[in-house]
Amino acid sequence: MPKVLAIVLAGGKGERLFPLTSFRSKPSVPFGARYRIVDFVLSNLVNSQIYSIYLLVQYKSQSLIEHIRQNWFFSSVGSDHFVTVVPPQMRMGPEWFQGTADAVFQNIGLIKEHNPDIVLIFGADHIYRMDIRQMIKFHIENNAHVTVAARPVALKHASSFGVIITDPDHRIAGFQEKPKDPIPMPDNPDMAYVSMGNYIFNADILIDALVRAEKKKQHDFGAHVIPDLVGRKCKVYAYDFAKNEIPGIKSYEERGYWRDVGTISAYFDAHMDMLGEKPIFEIYNKMWPIHPARYEGPPVKILDGEIKNSIIAEGALIYGGKIENSFIRSGSIIEKDVEIKDSLIMDDVIIKRNSKLYRVIVDKKNVVYEGEKIGFSAEQDRFRCYIDSSGICILPRAARYNDWIKEINHA
């Protein structure tokens, strides 16, 4: 295997995920009962035996930096085994990162110092499993300069992505970045072939492309670098993500599952995809684990109640009530006679007795008051919650911090 360096772009604002991104970047938003969004790309890299990883951060990065420090460190097994967070250094000038390509250009010295054969440029804000070694194999076998991970999406959604036009041998002949009128796939007029935002570059090609882009003040891979490489007849190929084989995948799972959780509704739906006896994305896969945050507290304790089709993390304390189609993260306390349905309860939340929640996201360090009902009346909810366009109610992080502190001290 060639010498590989991975650069993970983890600086996204995640504005469409507001208010979950009020105090954190999109990659550090909690996901599932034990994870953060960034854990999926990092798990894919480590499971693929890729251990040299730089994580480029920018906006509201402290939460992400702490998560990496506490959960993603390697023992002293060699200088090429690291997950290193890289904030903007501003060595090239006073500006922060101006785009995805500019973020890598500003750290071009790290690439030269590491001296890899190939460089992976991956995003940090998608939910999926991928054996990246198979994409590397495809890249090498095709003698490619650049390989772009790609997948089909419905034509009506393709305007949100970079749309790819390929030759029969998978070489990219055209690239449209977020076009108003995307070109459909030749064999399926209802679908378009789109970039997943994950790239493999030969190191020399990447360095040259970044320097060219900087001279033109072009700062984005999808909008500038990839189209320029295609236009200059470089060997740019598309890797079909649907052909990626993951060990341990069940027959009932969706083939090539990949979700952009950039909106509240998409984020919520991706959670629901993990529930049920036969979920389309099975989080329980010992052969390709998603590595969670370490938790040093006690196990979950359930004293009473009725729990259906839900995932409960360590450290949760459940006194009773009904929980259905929901996620409860670490340290949360659910009192008696509570009803929670189709909801996401994040870390260290207190749900007081006789309260009812339906399609609600309660961010961390919050309290839901005794007898309170959220998710049943938009007219009432708008005074106490953020209501997404999808109708999902969100109680922002620490929105009731003073009351939460009183409950903690009282307990």
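Positions of Cβ are set from backbone N, Cα and C atoms, glycine also.
So that you can see what the record holds, here are the features copied from Swiss-Prot:
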BINDING   Gly162, Glu177, Lys178, Ser195  alpha-D-glucose 1-phosphate binding site
Lys178 (alpha-D-glucose 1-phosphate binding site) - helix vs strand vs coil (DSSP):
coil
Show which residues of the chain containing Ser195 (alpha-D-glucose 1-phosphate binding site), separated from it by at least 6 in sequence, have their CB under 8 Å from its CB.
Val148, Ala149, Ala150, Phe161, Gly162, Val163, Ile164, Phe175, Gly222, Ile226
Could you list the residues of the same chain, at least six apart in sequence, whose Cβ is under 8 A from the Cβ of Glu177 (alpha-D-glucose 1-phosphate binding site)?
Gly162, Val163, Asp220, Gly222, Ala223, Ile226, Pro227
Residues within 8 Å of the Gly162, Glu177, Lys178, Ser195 Cβ centre (excluding the alpha-D-glucose 1-phosphate site residues themselves):
Phe161, Val163, Phe175, Gln176, Pro179, Val194, Gly222, Ala223, Ile226
